[in-house]
Structure formats: structure tokens, C-alpha cells
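Undergrad: Let me give you the structure first, and then I'll get to my questions.
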Amino acid sequence: MSLLPRRAPPVSMRLLAAALLLLLLALYTARVDGSKCKCSRKGPKIRYSDVKKLEMKPKYPHCEEKMVIITTKSVSRYRGQEHCLHPKLQSTKRFIKWYNAWNEKRRVYEE
């Protein structure tokens with residue numbers, strides 16, 4: 001043990017420690033904000049014919065489930081809005097199944 005007083009760390013070390021602490025705090029808050037899935041609730045009742053596009057996005061790090069996003073036609077009552085459907089709901093699974101069947105049938109008639 002020394003009798004001499006300890007020297008304070010240099011200013012650059014204190015700045016580096018403060019910057020590292022701020023970076024860790026920013027990463028933690030970003031993770032907390034982004035931890036919720038967009039498709040956590042049941043979506044509105046939409047007819048197959050009102051759907052312009054159906055997208056199935058893969059799992060992301062912030063969400064444990066895949067995302068099912070539909071875009072409605074601009075002439076429908078939803079006026080081109082995007083809706084996210086909960087992928088585990090039975091109604092969403094049925095919607096995807098019947099939308100794909102309806103879309104295949106529609107393609108045959110359009111060709």
C-alpha cells in the first residue's frame with residue numbers, strides 16, 4: 001500500500017468510459033422499444049377481394065413470429081391501408097389459405 005495519493009485517470013479514459021456507458025444505454029433502450037411485434041393483435045375483418053397484396057415476412061430478431069401484412073385496394077372501404085395480421089390466429093391461417101386459392105382462381109380467369 002502506497003502513502004502517495006492515487007492519480008485520477010486521464011480525461012481521455014473518462015470520456016471513453018462515459019461514451020461506452022451511453023452506447024450500452026442506447027442499445028438497451030432500442031432493444032426494449034423494438035421488442036414488440038407489429039402483429040400482436042387481431043386485424044380487421046377484410047374480404048379476399050379487397051386485398052391488393054399479401055406479404056409474409058420472415059421472423060426478425062425483435063419478433064419471434066413471422067409477420068403477415070396485407071395491403072388493401074384503394075377502392076375498398078380501407079382505402080389502400082396496410083394491416084398486420086397475427087400469424088398464429090386460426091382466422092389468419094384460414095385467410096391465407098383461402099386468399100391463395102382465390103388468387104389462383106382469379107389468375108386463371110384473367111389469362
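Residue numbers in this text run from 1 along the chain shown.
Quick reminder: no glycine exception, Cβ is built from N, Cα and C everywhere.
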Undergrad: Identify the motif 'D-box' range according to Swiss-Prot, selecting from 22-36, 67-81, 97-111.
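TA: When 22-36, 67-81, 97-111 are checked in Swiss-Prot, motif 'D-box' belongs to 67-81.
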Undergrad: Rounded to a whole number, how many Å is the Cα of Cys84 (disulfide bond) away from the Cα of Cys63 (disulfide bond)?
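TA: With the alpha carbons as reference points, the distance is 13 Å.
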Undergrad: Check Cys63 (disulfide bond) against DSSP and tell me helix, strand or coil, would you?
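TA: For Cys63 (disulfide bond) - judged by DSSP and reduced to three states - the answer is strand.
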Undergrad: Just to be sure I understand the packing, how many Cβ atoms besides its own are within 10 Å of the Cβ of Cys84 (disulfide bond)?
TA: 18
